[in-house]
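Written below as structure tokens is the structure these notes are about.
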Amino acid sequence: MSRSGDRTSTFDPSHSDNLLHGLNLLWRKQLFCDVTLTAQGQQFHCHKAVLASCSQYFRSLFSSHPPLGGGVGGQDGLGAPKDQQQPPQQQPSQQQQPPPQEEPGTPSSSPDDKLLTSPRAINNLVLQGCSSIGLRLVLEYLYTANVTLSLDTVEEVLSVSKILHIPQVTKLCVQFLNDQISVQNYKQVCKIAALHGLEETKKLANKYLVEDVLLLNFEEMRALLDSLPPPVESELALFQMSVLWLEHDRETRMQYAPDLMKRLRFALIPAPELVERVQSVDFMRTDPVCQKLLLDAMNYHLMPFRQHCRQSLASRIRSNKKMLLLVGGLPPGPDRLPSNLVQYYDDEKKTWKILTIMPYNSAHHCVVEVENFLFVLGGEDQWNPNGKHSTNFVSRYDPRFNSWIQLPPMQERRASFYACRLDKHLYVIGGRNETGYLSSVECYNLETNEWRYVSSLPQPLAAHAGAVHNGKIYISGGVHNGEYVPWLYCYDPVMDVWARKQDMNTKRAIHTLAVMNDRLYAIGGNHLKGFSHLDVMLVECYDPKGDQWNILQTPILEGRSGPGCAVLDDSIYLVGGYSWSMGAYKSSTICYCPEKGTWTELEGDVAEPLAGPACVTVILPSCVPYNK
């Protein structure tokens, strides 16, 4: 109590508890909630005032958008009205121009704009990248000041707290991990700490690992360095652990240094750390074998544009598991700005996660995997039915270091084309740009870093599909001068000639062509009936030896135009796309197993519905740096 003249100020220490208790009751009874959060399809009704008071993300989101407004976007690209999602890192909005009229047959994975254009309240938010379990536990904290954590849930809570910028929850998660570390769980804690950059926690967990490692004999240490996945999160940490083992009994163990160092993959260590942390170790400078290993790694880093041609065990990621990646794509919305997200499917968690961000936004582009590098080619950085915003960009992504570099651009701008790798070359075929449909074909030499033209397609094509089989490139369907076609062409790179093959049974474009077990599968897409777009539901299979197409008995689960497509293990995966019959962009993933003749749908949706993305499979590090 304090006095000032005839006035008295009295403090009630129980008020804050009573206020929080009251808010919790309102939340439990779903009273006066004014915003709905959705994570992994599960809805949570909340109060904006509570969210904004605890989360910098929501505070910025709600304050930067008045009660009525257009699309919602945040710095992390998480929040968007459920029925008007916008791509992440959206540029400042400009006055919308009416979309240009699209001629029948124009290759597009998008319908006419009939989406929301009128202002609406921001009261439905899809939190992309947040798990429903993690969000529920974070909301429990916001309304009760208590959070229930376990080693099974702390990673999801930690991820949500960092995405939504709630440092109090992050601090509680870190404290929980630090308190829980034991000899039984230090490996699990170390992995979580590495994923989220928790240096203090990582050091505490590594103490248990080091104590175990120092007691190993030479054979056990050698086996540890060969193990997959590795016991620590980085190659540098593996090197430092090896040095500790050698130094623990230097007189006896130093003879094993060359043998152990051969098992390390020094090219996976960034060049600055090779100089500062590796070269500074005495035996790396004095032992001839170790000197050569270090020199080879430094030479690898000195030639970044040729790294995809210089792959060896020393630069190979320590994993054998390929993962499904989704790159870019066009979300719904009146501004039609493509995504710049690269997402991967976590098969253990059954969810899509954000891996990294492209240097630019792109849709209707191509992605080609070369020695576990991703080459992203062409596409368009803004939707236009006439190819006005097509690009000739070429970028390369390195999952070893989560880094991008720009490569020489294609000689022509292209979107809705096909790209592939054959031996030491990349090929880009057809497509469209501001001049119209393209028949030109370009070839990129992976060793010399140069583009050149090769024999053109017999006809200009866009929105076609392609595949590589037995050293030849097959191109099916597409749009030719506004008409959907069933054509199949085969390119022989040795002879530099194109040959016409048996037509498909169905005209289709914006579809996919995948190779499995010496067969080509044409899946999805659409065609025109009059002026109406119809989903192609039939799945066709082509036998290159017999030059024959057959219609399979199992049609696609639902219409998909412009999905991402990749083959992984024994299945063909289609991600996203547009369904003309449903009038909706898709965020789900369906897969077809030719051996069983069955379709299934994967658990978990991508960050937002997309058409015109690209799919590919790559090997990622065991500790993926997502959501950093």
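In case you wondered, yes, glycine gets a Cβ from its N, Cα and C as well.
Per Swiss-Prot, these features apply:
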- 33-151: domain 'BTB' (DOMAIN)
- 69-115: region 'Disordered' (REGION)
- 84-96: compositional bias 'Low complexity' (COMPBIAS)
- 210-279: domain 'BACK' (DOMAIN)
- 323-372: repeat 'Kelch 1' (REPEAT)
- 373-424: repeat 'Kelch 2' (REPEAT)
- 425-471: repeat 'Kelch 3' (REPEAT)
- 520-570: repeat 'Kelch 5' (REPEAT)
- 572-620: repeat 'Kelch 6' (REPEAT)
Open item on the list: Is it the case that the repeat 'Kelch 5' (520-570) and the repeat 'Kelch 2' (373-424) touch, counting contact as three or more CB pairs under 8 Å in which the residues of each pair are 6 or more positions apart?
Closed with: no
Open item on the list: Suppose you look only at the domain 'BACK' (210-279); what would the mean pLDDT be?
Closed with: 95
- [ ] Determine how many residues of the repeat 'Kelch 3' (425-471) DSSP places in helix, in strand and in coil.
- [x] 0 helix, 27 strand, 20 coil
